[in-house]
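Novice: The compositional bias 'Basic and acidic residues' feature in TrEMBL is assigned to 18-27. Summarising the annotation, TrEMBL assigns domain 'Peptidase M50' to 234-393. Annotation comment: TrEMBL describes 1-48 as region 'Disordered'. According to TrEMBL, the transmembrane segment annotation covers 230-253, 259-279, 291-310, 330-351, 358-377, 397-418.
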Amino acid sequence: MDSDSENGDKFSNVKAASSEEKEERISNEFGSDKAQASVSSRPPPISPVGPAYNNFQVDSFKLMELLGPEKVDPADVKLIKDKLFGYSTFWVTKEESFGDLGEGILFLGNLRGNREDVFAKLLSRLAEATGDKYNLFMVEEPNSEAPDPRGGPRVSFGLLRKEVSEPGPTTLWQYVIALLLFLLTTGSSVELGIASQINRLPPEVVKYFTDPNAVEPPDMELLLPFVDSALPLAYGVLGILLFHEVGHILVAVPKKVKLSIPFCIPNITLGSFGAITQFKSIIPDRSTKVDISLAGPFAGAALSFSMFAVGLLLSSNPAAAGDLVQVPSMLFQGSLLLGLISRAILGYAALHASTVSIHPLVIAGWCGLTTTAFNLLPVGCLDGGRAIQGAFGKGALVGFGLTTYTLLGFRSAWWTIVTSLGNLRLDMSEGTGKTMPK
């Protein structure tokens, strides 16, 4: 139907059209019965049944239509079917609309070759036929009646306009928020560097960092002399964060996937808890999502481990004794692998004292590896969760996520019980003046 011609007379005395009139108008609009099978780029025009609609109601319908997302042009659907699909790529058997307002087209059919090769051909042909107007992406059908004869679930191909399928450009407020978060992350990294010098800090500052009941911060002027010595650790933490994001970008750019600006997450314990980076364009296939998701953690882990190893070597170098800081030896008991490496370089005796003298790079590497391990958890929108979803699908991500949450809950409960029993044993030994047996 032509909505403009129907609604041009102030929408008064609108009556229901008969089914024959509807079929005739649809046939005239698309030109043939075959064109009727194509999905319209606009929702069906209003055909009221019963009492006439008033002006306000019809205007509301038009407003909803205008505010909805831009849809696929039916003429482009026919062009794309002719230019993209065929016996050698993907034989289309059916078309469906999808999306809340039917803004996209889903082509269903049968593959005629390897899915990755076919998809690459379709993308190339789409660019030649329509330029930069549409995005095409491959969708797996895990609930289809039968698997693909070539192995794996069947696939369909979805088509959306670029302005619908891709987020809008980054706004000024987003840049402002990203800058503020980066400055806060820089501050938390410097604070971590100052806290690592706890054996040199004034008593009132030490109390603020160690006493959980301390509320009021100390005089900031007391911390200024320690800022310069805190910068190496802060640079290390920020460098790992930057390297992580560069890893994502280096893999995303060749695959023509756009990423948002990173939004850093400050953390006073680790300096930084990573950053949030969104996909700003359609991901062409699952393998691309896996590669981009894992590139950041692998890059960050490589730099973190390098800092950790170099820091251990500098810790055993007498020339760097002035740069060393004192940390509790229990720090090296949190990881079996890193503890063994530390023991091999620093020696058995050094790690069994109450404190250990290490270079700030060791702390930066340790914090970077901890953050990387957290990001690799197969949960939600973390890098590990994205990789699991890309490799095995959304259902597998839900299963992995529930398992991870359950194991973390058990671990937290076990740690709480062990800590409570340890404190109880200590209280009883102090009350009796004797050491309780283990």
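Yeah, the Cβs are placed from backbone N, Cα and C, and that goes for glycine too.
Have a look at these and tell me how they're positioned relative to everything else.
Specialist: Looking only at the domain 'Peptidase M50' (234-393), the predicted model's pLDDT averages out at 85.
Sequence-distant contacts of the transmembrane segment (397-418) (same chain, six or more residues past either end, CB-CB distance under 8 Å): 377-380, 385, 388-389.
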Novice: Where, among 230-253, 259-279, 291-310, 358-377, do we find the most CB pairs under 8 A to the transmembrane segment (330-351)?
Specialist: 358-377
Novice: Residue list, the transmembrane segment (358-377) vs rest of chain: Cβ under 8 Å, 6 or more residues beyond ends.
Specialist: 192-193, 196, 232-233, 235-237, 239-240, 244, 270-274, 296-297, 300-301, 303-312, 314-315, 320, 323-325, 327, 331, 335, 338, 342, 346, 383-385, 404
Novice: What residues in the same chain, six or more past the boundaries of the transmembrane segment (291-310), come closer than 8 Å to it by Cβ-Cβ distance?
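Specialist: Apart from its flanks, the transmembrane segment (291-310) reaches 236, 239-241, 243-248, 250-252, 255, 257, 259, 277, 279, 283, 338, 341, 359, 361-362, 364-369, 371-372, 375-376, 383-384, 386-387, 390.
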